[in-house]
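Features from TrEMBL:
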| type | residues | note |
| --- | --- | --- |
| SIGNAL | 1-24 | signal peptide |
| DOMAIN | 151-518 | domain 'Peptidase A1' |
| ACT_SITE | ASP169 | active site |
| ACT_SITE | ASP398 | active site |
Amino acid sequence: MAQLAVRSLLLSLLLVSPAVSASAGIVKINSSSPLFGVEFPPFNTAVAVTGCDSGKLVAAEEALDEQKQPASPSPSLKLRLNHRAAEGGRTREESLLDLAEKDAVRIETMYRRAARSGGGRMPASSSPRRALSERMVATVESGVAVGSGEYLMDVYVGTPPRRFRMIMDTGSDLNWLQCAPCLDCFEQRGPVFDPAASSSYRNVTCGDHRCGHVAPPPEPEASSPRTCRRPGEDPCPYYYWYGDQSNTTGDLALESFTVNLTAPGASRRVDGVVFGCGHRNRGLFHGAAGLLGLGRGPLSFASQLRAVYGHTFSYCLVDHGSDVGSKVVFGEDDDALALAAHPQLKYTAFAPASSSSSPADTFYYVKLKGVLVGGELLNISSDTWDVGKDGSGGTIIDSGTTLSYFVEPAYQVIRHAFMDRMSRSYPLVPEFPVLSPCYNVSGVERPEVPELSLLFADGAVWDFPAENYFIRLDPDGGSIMCLAVLGTPRTGMSIIGNFQQQNFHVVYDLQNNRLGFAPRRCAEV
C-alpha cells in the first residue's frame, strides 16, 4: 500500500504492445505496435458532461427513494480504469527506475502490514450478507500521464454527483477522497470533494461500530483525540497508512457513490458507502482524487457491495499500451457466463493469510507451489512459498503493484533459468539498471523467449504470454528487452503484479474462496 501512485502505467511509456506466437516452449515478442495514451476528460464537471444525464439520474434515483421500493435488477455497471503513464520529460530508463523504486516502497509497506499483529482494525465479518441478482460493471481505460502509474476508476460521489478519478487497489481496504477543508494535501486534477456541497454526506460517529474498523490518528495528526465523549454525535477520526510518506487522515463518513451501468444512459447509485473524507493526505498519489479499496477487509468497496452484487468481482485489464477500455465487474454479467464456458478458465483456492486475524487479511493470498520456465519445473524449495506465523512470506495477487516479485532465493533461480535458456544470438546487457537479465534485440522483430508458468498447490497452472513478463525498451535508438520480474527479501512476500495480469480475465470468487483466470482479449470484453 506504499506510495500507491507507484504502480502500473509508468510502463505505458516503456512498453510496446506485443503480438505473441508460441512453439516448443518458446514465445515471440512483436515490437511493431505503437504506444497509446488517452486524454483525461474534465474533472468535477456535471455528470451529464461525462456520459451520465445528471438530471435524469438524480430525478430517477430520488423518485426511487421516495417510493421506497427495492431497485430492480440492473444490467451490468461499468466504471473506468485508466492506466496512468509517467510524467513527461523522463526517459524510459528513468521512468523504469522510478517505477521499481516505488514498487519497492509499496512492497516494504505490505510486508510491514502483514507482519503486524494488530493495527486497530477489526477482521471482516464471516456472516453472510443479502445478495440481489443485479450486476455492476466498471470500464477501465488506459490513460495518459498524471505523474505515476496505476489503474483508475471514475466514480461519481455525493448529491448532486460529482466525478472523481480514484485509484483501484486490491491491496487495501479503505475508500477515501481528498476533502475540503484540505489542510495538507497532494496535488490532484480538479477540485477536491466538498462535503458541504453534498446533501447526502454525513459523518460516521465515534460510537458507530464501523468506527472500530479504522485506526485513530496519531496525536500530532489528530485535531482532537478520539475520546468519544458523545458516541452519537462526535465524528470518527481515522488514520490509514501506506508507507513512510504515504497516508491519509480525516473523518470516516457515509456518502452516495454513483456508477454507470452497461445499458446506455443508465446509472446506479449506492447509498451509505463508508469512506474516508481525508483532510491530510500525503504520498505519491499524483493527480488522483483518492483511492477505491478492493481488498478483503470490511470497509473495502468490494466488501460493501456484496449485499447488492454478491460475493464475486472480476476485472480484465487491457495491455499497458492500449487506448481501449478494460472492465471491472461486480457480480456476474453476460461476459461472466461466457467466461464460465471458457475452455482455458482455471481456478485456484485463496490461501489463508496467517493463523490469526491481522492486517494481512486485506490481501488476496494464493498458494504457490512452483515456477516453470520453458516448461521445466524449477528447483525451488516448497517452503519458500509458505506464509509465516508472523505474516511474512506467502504470495498475493495485487492490482496495485506493477511488476511481479518473487522472494529470494526463488528470484535468483528464475533469473538464472531464463539466462540459461535464452538464445545466445541476443547479447546480454549486463549493466542495465534494476531489471535483469536484459538483452540487446536490435533488429529483431520477434525475439524468442522461454515460456513462464506458475504452478499452484492445488494443481492449477497459470501460463503467461511473453508480453506479460518481458518489457521491451528502446533507449538511444537501440532495442533492449528485460525480464519484468524482480526479487524481494527472503522474509518478504511474492506478488503477481498487474503487468503480468494484462489480457487475463481475473475473477475473485469470494463465495467459493477461489481465484479464477482465463486469457481474454480484454479490449473486446
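Including glycine, each Cβ sits where the backbone N, Cα and C put it.
Where the annotation comes from TrEMBL, it is an automatic prediction and has not been curated.
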Take the Cβ of ASP398 (active site) and count every other Cβ within 10 Å, whichever protein chain it belongs to.
26
Can you grab the distance from ASP398 (active site) over to ASP169 (active site)? Cα atoms, rounded to a whole Å.
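The Cα atom of ASP398 (active site) is 7 Å away from the Cα atom of ASP169 (active site).
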Across the whole of the domain 'Peptidase A1' (151-518), what does the mean pLDDT come to? Round it, please.
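Value for the domain 'Peptidase A1' (151-518), mean pLDDT as a whole number: 88.
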